[in-house]
Amino acid sequence: MEKKFKTILQQYLQDSASSKENEAIESFVHNMQEDGISLEEVQQNLPLKNTLYRSILAQSSAKKRRLKKRRNLGVIGGFLILLLGTLGYYLQTDFPQTYTSAEDTQLITLADQSKITLFPHSELTVSSSYNQTDRQVQLKGKAFFAISKNKQLAFTVQTKDLETSVLGTSFLIAENKTSTAIEVRTGKVKVQTKTPTDYVILLPQESAHFENQHLQKYNAQNDRISSWNQSLNMVNASFAHWKSSIEREFDIIILSESKAIQHIKITGDYRNSNLQDILDSFCFINNLSYSNQNNLITINETNTHDSQR
């Protein structure tokens, strides 16, 4: 399309364009003059160049009334020479493609045959270099992704707060003003916040939720799973550090009246685990018991209370 556009302009300058193409160019230039649009504005305004480019192509392929106005070769020729020069970069530059769904769901097939179901009132922007140097898209709203495998180029979805990366899989992303949810159907998905070390890995039937600047993972039973935050991989950590890390990760409160527990040292990797597994492991290793009542966790020495789970 770009090549055709440039050819039309060159043919006009060489007086070898068809009558229909002559009319299209002269009509457009005449209308720009009447609207008071200067050549300087065209040079500095990419959207204006885009409008000009598409308009001339559209008019050159449609029947137009012949202009009664005499051709002003000086003005039009100068305009087109400038246009060819200023559009040099523009004609060689690709721009992101944006898809918008209104009331209906839209099915989009990308260059690599990945298929995206864009739900109503959502917007998807595809990188200009998609399937060449990257496979990046941006999403506002909700979409289901069925992504073709490509081990060389990961498929990445940017939303307002998260980046979701896959090699080939199917998953759902739903974003609103306050939160984002990702659900995996097949394959493996990495979901990362703007902090590179704050991420979760999702497998089929697992999901991630981001709300109040906090990323959480859930399994198929809807049990919350801890993230891959390095602070959960502990070596000789104090009970206070363990307690605050687990409380922050699961939005819970941990209480203990034991004085001995305050002096223990904790070594363990508590990443990518649910709360029950973490508490079971911690209490078994340290000969403790715990009870859980509405996310209020009470840890006791085993000779004081029995475990209630």
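Glycine too: its Cβ is placed from the backbone N, Cα and C atoms.
Keep in mind the model is a prediction, meaning the values are calculated, not measured.
For 100-190, the entry in TrEMBL reads domain 'FecR protein'. Annotated domain 'Protein FecR C-terminal' per TrEMBL: 234-299, in sequence order. Residues or ranges marked as transmembrane segment in TrEMBL: 73-91.
Applying DSSP to the domain 'FecR protein' (100-190) sorts its residues as follows: 0 helix, 52 strand, 39 coil. Secondary structure of the domain 'Protein FecR C-terminal' (234-299) per DSSP, as helix, strand and coil residue counts: 27 helix, 24 strand, 15 coil.
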